[in-house]
Ligand SMILES: O=C(O)C1=C[C@@H](OP(=O)(O)O)[C@@H](O)[C@H](O)C1
Ligand SMILES: C=C(OP(=O)(O)O)C(=O)O
């Protein structure tokens with residue numbers, strides 16, 4: 001794919017049925033649990049997302065050096081997996097992955113008896129995994145305000161530990177629904193846990209073989225909600241989404257109700273139609289950080305002021321997402337500012353440009369969140385292939401509902 005594409009929509013009217021990619025979060029948990037169980041589990045509808053394809057390949061690889069690329073779940077889940085299964089590996093990733101912290105997880109695994117060495121800067125990948133003595137502690141305090149992926153990684157390996165594991169979560173619990181998703185998947189594969197207050201206990205147990213069907217990705221649905229909110233008229237069905245979901249990003253239903261999208265659940269998934277939107281919103285993203293970019297881009301487009309909290313983890317994701325958003329909304333005459341510690345305010349401006357252009361910072365969600373603005377004016381997206389991380393068919397799906405996409409020289 002070329003360095004940039006330009007999107008236009010000739011009518012602004014959207015109609016169609018879209019099969020979303022499957023959730024990479026559910027799929028990557030199911031893959032790790034199936035590998036830990038040592039049993040033949042049937043996993044259906046594994047995501048075509050690169051993060052999932054990559055984990056599938058790496059779990060089968062005999063190579064000593066394992067490249068987790070830019071996939072946070074792959075890096076964190078494999079660190080715990082290789083540690084507890086005593087495999088000698090070097091775990092690395094993209095330059096950005098080597099700036100994403102992993103100290104909390106490494107220190108926890110070391111306390112459990114893992115021998116892990118930093119090959120670069122302390123606290124960051126690459127890591128050398130040197131074996132597991134298995135005579136460590138069975139109760140740990142772990143910070144839960146940096147990334148929930150550390151907690152999920154520890155929980156999935158916990159039943160293999162001779163005395164199980166009790167985790168005491170310290171600090172604010174960020175991305176909590178992802179921890180709950182991990183526990184639900186573990187339960188699906190026969191392992192019970194107890195989560196009360198800030199303490200999670202998992203006894204020594206065996207995973208059981210089970211079949212599992214991965215649900216469509218609610219995070220990916222958010223771009224379609226945004227498209228409906230910006231369209232002149234819309235009738236869009238997203239296939240394979242369920243009202244009762246393991247995914248916390250299903251919170252998009254209630255957020256988008258306020259931003260002009262009505263959801264009805266059908267046999268096949270969800271049907272999205274337009275309604276009135278509110279003019280001002282205050283939203284907390286602590287439980288659903290991956291939705292923040294969608295909402296910022298949409299509110300800048302619709303002229304809605306939004307005050308946001310719970311954005312702390314955005315600074316250590318595929319890029320510093322707060323900084324990337326602050327730069328990119330300027331091109332729409334909007335501003336995103338921290339008005340008091342931890343509180344960000346998006347103040348939308350009037351669109352004056354005939355064509356909008358957005359950089360994507362090697363972050364799939366920057367590309368997917370800003371593309372729907374092509375319903376207001378032609379939009380150039382730089383480095384469009386970034387979408388492969390979670391939604392490789394995004395551009396094709398937009399073409400199915402009438403977007404014209406031109407590859408630029
Ligand atoms: O466990 C998971 O599948 C994820 C957890 C979240 O990360 P943090 O826990 O780092 O916020 C989320 O942003 C990421 O896309 C997927
Ligand atoms: C943050 C994300 O993924 P990860 O942390 O798994 O790289 C994401 O998909 O938005």
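Just so you know, glycine gets a Cβ as well, placed from its N, Cα and C.
Record check: TrEMBL places 24, 25, 29, 147, 148, 149, 175, 290 at the 3-phosphoshikimate site, and the matching candidate among 60, 208, 244, 317 is 317. Screening the binding-site residues 24, 29, 149, 175, 321, 389 for a C-beta under 6 A from any atom of ligand 1 leaves 149, 175. Proximity of the recorded positions (72, 100, 175, 290, 365) to ligand 2: a Cβ under 6 Å from the molecule is found for 72, 290, 365. Confidence annotation: the domain 'Enolpyruvate transferase' (12-60) carries a mean pLDDT of 97 in the model. According to DSSP, the domain 'Enolpyruvate transferase' (12-60) comprises 25 helix, 11 strand, 13 coil. Residue 100 (phosphoenolpyruvate binding site) carries neither a helix nor a strand DSSP state and counts as coil.
Within 10 Å of residue 72 (phosphoenolpyruvate binding site), counting CA to CA, the recorded positions 24, 29, 148, 175, 290 contribute nothing.
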